[in-house]
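Okay, structure first, notes after.
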Amino acid sequence: MLNKVVKRLFSYKSTIPATLPQLKFEYNELEPVLTANLLKFHHGKHHQAYVNNLNAIYEQISDAQKKNDVHKIAQLQSGLRFNLGGHINHAIYWDNLAPVSRGGGVFPDQNSPLTKAIQEKWGSYENFIQIFNGRTAAIQGSGWGWLGYDTVSKSLKMFELGNQDMPEWNSVIPLLTIDVWEHAYYLDYQNLRPKYLTEIWKVVNWQEVERRYLDAIKA
């Protein structure tokens, strides 16, 4: 189901049993954009819940397979997709973040292939962010804003997905995602989703986004 680039980038996030990924930063290192208190809940509680639920579903599917219970397997598919999406989407999100002291918020240089692609599509990083924030803030309920590489058109693609839906990874390689479930920002920003979206770019790990993009265009 996953294309080879996504397998290479994210294979450790879809192992069985699933495990909570260790962050590449301490909980307090993204302050004041995201507080340690928020990250403890978001990573240690919310993401962990997706991992726990996913592993429970894996066990139920395994048991149903042994019993050749096709009906039970079919019943579990909705929960499987939701919790697998919650796990993988969060894992990508964490890799998209970095402390300011380690390059968070710094755009790649003007000669970067990613910079050139952003400029060709949206004119500048600043314009890209403005459009991205407007579209992502408008998501009704919970969801994710995405930047991906479309392997068919060979170009960047901005899109939004609700709940814990995942990109169609056979045609779009995820480069960047921003979580707009309330648990991602409410403890720090209350109901001010647009303010959270403005601030989050100060800790976006553009070097990781660029690395994914370079892998994607070589595939």
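A Cβ is built for glycine as well, from the same backbone N, Cα and C atoms used for every other residue.
Residues or ranges marked as domain 'Manganese/iron superoxide dismutase N-terminal' by TrEMBL: 19-98. The annotation Mn(2+) binding site is assigned in TrEMBL to His42, His90, Asp179, His183. Per TrEMBL, the feature domain 'Manganese/iron superoxide dismutase C-terminal' maps to 112-212.
One way to see the shell of the Mn(2+) site is to take the Cβ centroid of His42, His90, Asp179, His183; the remaining same-chain residues with a Cβ within 8 Å of it are His43, His46, His47, Tyr93, Trp181, Ala184. Counting neighbouring Cβ atoms within 10 Å of each of the binding-site residues (His42, His90), the lowest count belongs to His42.
Over all protein chains present, the Cβ of Asp179 (Mn(2+) binding site) has 23 other Cβ atoms lying within 10 Å. For His183 (Mn(2+) binding site), the count of additional Cβ atoms within 10 Å of its Cβ stands at 14 [all protein chains shown]. Residues belonging to the domain 'Manganese/iron superoxide dismutase C-terminal' (112-212) score a mean pLDDT of 95 in the model. Residues in the domain 'Manganese/iron superoxide dismutase C-terminal' (112-212) partition by DSSP class (helix H, G, I; strand E, B; coil) as 48 helix, 25 strand, 28 coil.
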